[in-house]
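**Q** Here it is, the structure, as structure tokens.
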Ligand code: NDP
């Protein structure tokens, strides 16, 4: 039997085991996907080897550690500096980032975009900024504080804090902060968000399965909007595709994973 896991801390509420087990079951694969809480980052890679895993996903707060310690990093993960998917290839552990491509697949229905504003400057913002840049979308980062903007500034992104920002026109506004996850707060001042939404066409919130105040305001402005459900779905589809050396096609994996969200 092949074993896969989700590493993170905490990992109790993640839907990932259900997503991956549903596909393995549907395809008749002798495999199992479990959760492994990792409190101390230095134990992540040794645990991967000790459990003799075929693959793993990595979530908060270990994506940077996984990036730093795997044997090889491939694809856009190299630019993001974080991996969310680990694959065993022989004796080596290879790291990928499927959050970025997962986001891009989720916004495909928005069509070609010229520019976007990202609210927040954490790990998720990095993945989204890099994939948008790769697709020639002009990205501005707006964060509450300046401390996390260095990464983006070095790569040439326009970066602003709440103090230095002058609102302009952006086609897509993306919330990557956790504002609205457990409270009724907005990722920036409501008045500013109203100004931005007046000129925007699309809104995206990485928080999934709930309509945040950010998305409710986007709806009030008649924008086309999405929560993070499809991003989560597609990062899982792409991870599964890598787990099994791309032998199952993406559409088949998606068709087996998607119903889990409706349960
Ligand atoms: P980080 O902790 O790395 O970054 C958080 C960022 O949000 C920081 O820039 C921080 O600003 C800002 N922030 C936090 N709280 C507030 C607030 N109340 N108001 C304004 N800004 C705030 O988080 P991640 O990037 O790792 O994750 C962010 C979210 O993305 C989580 O909710 C996570 O669940 C979700 N996610 C969804 C995925 C999906 O597939 N749908 C995939 C991965 C993550 P400052 O620097 O000033 O502190």
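Heads up, the Cβ atoms here are built off N, Cα and C, so glycines get one too.
A quick note: this is a predicted structure, and the numbers were derived from the prediction, not measured.
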**Q** If TrEMBL gives 14, 15, 16, 59, 99, 208, 235 as binding shikimate, which of 84, 194 does it give for that site as well?
**A** 84
**Q** List which of the recorded positions 14, 15, 16, 59, 63, 84 have their Cα within 10 Å of the Cα of residue 228 (NADP(+) binding site), in sequence order.
**A** none
**Q** So which of 14, 16, 63, 235, listed as recorded positions, have a Cβ under 6 Å from an atom of ligand 1?
**A** 235
**Q** Distance check, please: Cα of residue 15 (shikimate binding site) against Cα of residue 206 (NADP(+) binding site), rounded to an integer number of angstrom.
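**A** Their Cα atoms are separated by 15 Å.
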**Q** With shikimate as the bound species and 14, 15, 16, 59, 84, 99, 208, 235 as its recorded binding residues, calculate the greatest Cα-Cα distance and give it in Å as a whole number.
**A** 18
**Q** Residues other than 14, 15, 16, 59, 84, 99, 208, 235 within 8 Å, Cβ to Cβ centroid, of the shikimate site?
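**A** Sorted by sequence, the hits are 6, 57, 232, 236.
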**Q** Taking the Cβ of residue 206 (NADP(+) binding site) as reference, which residues of that chain separated by at least 6 in sequence fall under 8 Å from it?
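**A** Non-local contacts for residue 206 (NADP(+) binding site): 103, 124, 128, 174, 175, 176, 228, 231.
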